[in-house]
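Worksheet: one structure, shown below.
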Amino acid sequence: MSNQERQERPEKDPDLRSTEVTEGYEKAPHRAMFRAMGYDDEDLSSPMIGVANPAADITPCNVHLDDVADAAYDGIDDTEGMPIEFGTITISDAISMGTEGMKASLISREIIADSVELVTFGERMDGIVTIGGCDKNMPGMMMAAIRTDLPSVFLYGGSIMPGEHDGREVTIQNVFEGVGAVADGEMSEGELDEMERHACPGAGSCGGMFTANTMASISEALGFAPLGSASPPAEHESRYEEARRAGELAVEVVQERRSPSDFLTRESFENAIALQVAVGGSTNAVLHLLALAAEAGIDLDIETFNEISARTPKIADLQPGGERVMNDLHEVGGVPVVLRALNDAGLLHGDALTVTGNTIAEELEQIDPPTVEDLDVDYLNTVEDPIHERGAIRILSGNLAPDGAVIKITGEDHLHHEGPVRVFEQEEGAMEYVQEGHVESGDVICIRNEGPQGGPGMREMLGVTSAVAGQGHAEDVALFTDGRFSGATRGFSIGHVAPEAFVGGPIAALEDGDTITIDIDDHELSVDLTEDEMQQRLEGHDPEPTYDSGVLAKYHNDFGSAANGAVTNPGAKWD
């Protein structure tokens with residue numbers, strides 16, 4: 001073809017970053033590569049929008065995400081965008097739970113964030129739809145969006161429906177607790193086998209207000225996701241409508257140059273915390289919100305969770321503390337119902353902006369979700385007549401946790417416990433102790449060397465806490481650790497004790513028989529040792545890393561304190 005016959009492509013916005021790989025005769029090789037994948041002139045002249053997809057067959061949370069990503073892709077394509085789908089990793093928290101492999105979970109948050117950042121940076125993308133399924137997908141994707149500051153929309157893959165067993169609804173939480181019930185003689189192995197076969201009927205993230213659903217709900221409160229997008233179940237048609245909507249919105253936010261830094265503020269994070277404590281959300285959200293704030297350079301102290309929990313009541317009775325799941329919330333209007341209740345009571349910053357360009361109050365006005373009073377359901381209470389006067393999250397301190405520790409209150413508010421401690425160096429020893437039937441009412445169990453650096457990776461202890469709960473000790477046995485707990489954990493379980501044992505935190509000084517005081521009302525976690533006694537015990541404390549090569553050794557060196565979100569990005573900022 002002669003020069004005069006050269007085909008003219010539509011003009012592209014010169015301010016788009018993707019012009020670096022699509023415009024000018026010098027980029028002919030780049031365009032040739034795109035054409036090999038089926039992109040045409042119209043595509044190459046459009047905003048290039050990534051679809052970050054962690055689809056995988058290793059967890060029901062993510063097994064359907066190719067279909068979700070396809071719907072988002074179509075939304076971009078039909079709105080004059082150029083969609084480019086790419087993959088990243090996921091770890092199944094539930095399947096790795098109770099094994100050495102659980103150390104990979106929190107590390108995967110960092111790898112997801114890094115990998116999405118790298119692809120969008122390397123390919124000069126203009127915007128991104130980030131998709132999440134299993135627990136660490138959500139914070140990893142949002143961290144990447146904040147770090148790149150690309151116009152971004154977060155899209156949740158949706159939760160699993162509850163199963164049915166013996167005439168009642170069951171979830172994975174019931175199966176984990178069934179393990180403890182079998183060990184205690186309260187359930188037969190045959191009964192557990194039947195429950196196992198019915199608890200997880202299809203695709204989607206764990207159905208209660210566990211970590212995945214907590215972070216998905218928080219994505220709405222932060223402004224990262226459109227209101228109402230978190231609750232549709234994974235296999236409902238409405239989930240794919242939300243995915244298409246996310247793709248369409250992604251084109252809009254690129255065209256409007258609306259980046260996370262344009263709407264994320266401290267008030268956004270305070271809204272997220274208010275929602276978390278009102279619905280009884282996962283303790284993991286404390287860690288992840290601190291990490292997101294650090295990425296955004298927003299000053300968010302762990303004590304803020306206490307301040308907001310003190311003024312925000314718990315109004316949703318969902319698993320693990322209650323019986324209902326995310327689908328129940330979806331059927332009455334989803335997360336916006338809770339947000340409206342909080343906003344109407346003056347407990348939200350209604351003027352906080354969202355990814356749509358509107359404030360959260362304006363979005364609520366447009367959606368007009370029902371009031372809790374109008375719904376009259378047994379799992380949502382009004383702010384004036386709450387389930388608990390205070391929100392579900394407490395931050396404890398004291399001489400055992402000078403930098404803080406986290407507990408979620410799922411039952412009785414006024415918890416006080418004092419007694420001798422039984423110390424375990426890793427999760428496995430504690431699990432064996434519980435499963436062999438040694439645990440008794442009034443026990444205090446400490447599991448240490450499971451922190452961000454010491455594990456490394458802050459394993460979740462759902463196996464241990466579920467075994468304790470399954471034996472009937474959810475409220476009368478206390479457990480604390482420098483590791484984490486699953487969002488499905490309930491009971492007297494305290495995590496994120498900081499500083500951790502590996503770096504010489506006070507938890508490293510404990511010995512069997514030391515008297516521990518836990519007082520939730522006073523936010524106290526302490527031991528009957530003086531500062532001098534603890535320092536004497538810690539003399540010569542210089543533990544070797546658990547791993548000397550590979551990814552676990554790398555992240556042992558990179559992780560920061562749980563009190564700051566256990567971030568690894570050296571550019572992340574905190575006060």
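Glycine is treated like the rest: Cβ placed from N, Cα and C.
Straight from Swiss-Prot, the features:
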ACT_SITE  Ser486  active site, proton acceptor
BINDING   Cys61, Cys134, Cys206  [2Fe-2S] cluster binding site
BINDING   Asp93, Asp135, Lys136, Glu460  Mg(2+) binding site
MOD_RES   Lys136  N6-carboxylysine
REGION    1-27  region 'Disordered'
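The candidate set comprises the binding-site residues Cys134, Cys206. Of these, Cys206 has the most other Cβ atoms within 10 Å. Here the binding-site residues are Asp135, Lys136; the one with the fewest Cβ atoms within 10 Å of its Cβ is Lys136.
Under the three-state DSSP scheme, Glu460 (Mg(2+) binding site) falls in the strand class.
Cβ atoms within 8 Å of the centroid of the Cβ atoms of Cys61, Cys134, Cys206 (the [2Fe-2S] cluster site) belong to the same-chain residues Thr59, Pro60, Asn62, Ser92, Asp93, Ala94, Gly133, Asp135, Ile160, Gly204, Ser205, Ala212, site residues excluded. The local packing around Ser486 (active site, proton acceptor), expressed as other Cβ atoms within 10 Å of its Cβ over all shown chains, amounts to 31.
Neighbours of Glu460 (Mg(2+) binding site), defined as other CB atoms within 10 A of its CB across all chains, total 32. Reduced to three states, the DSSP call for Asp93 (Mg(2+) binding site) is helix. DSSP assigns Lys136 (Mg(2+) binding site) to coil, not to a helix or a strand.
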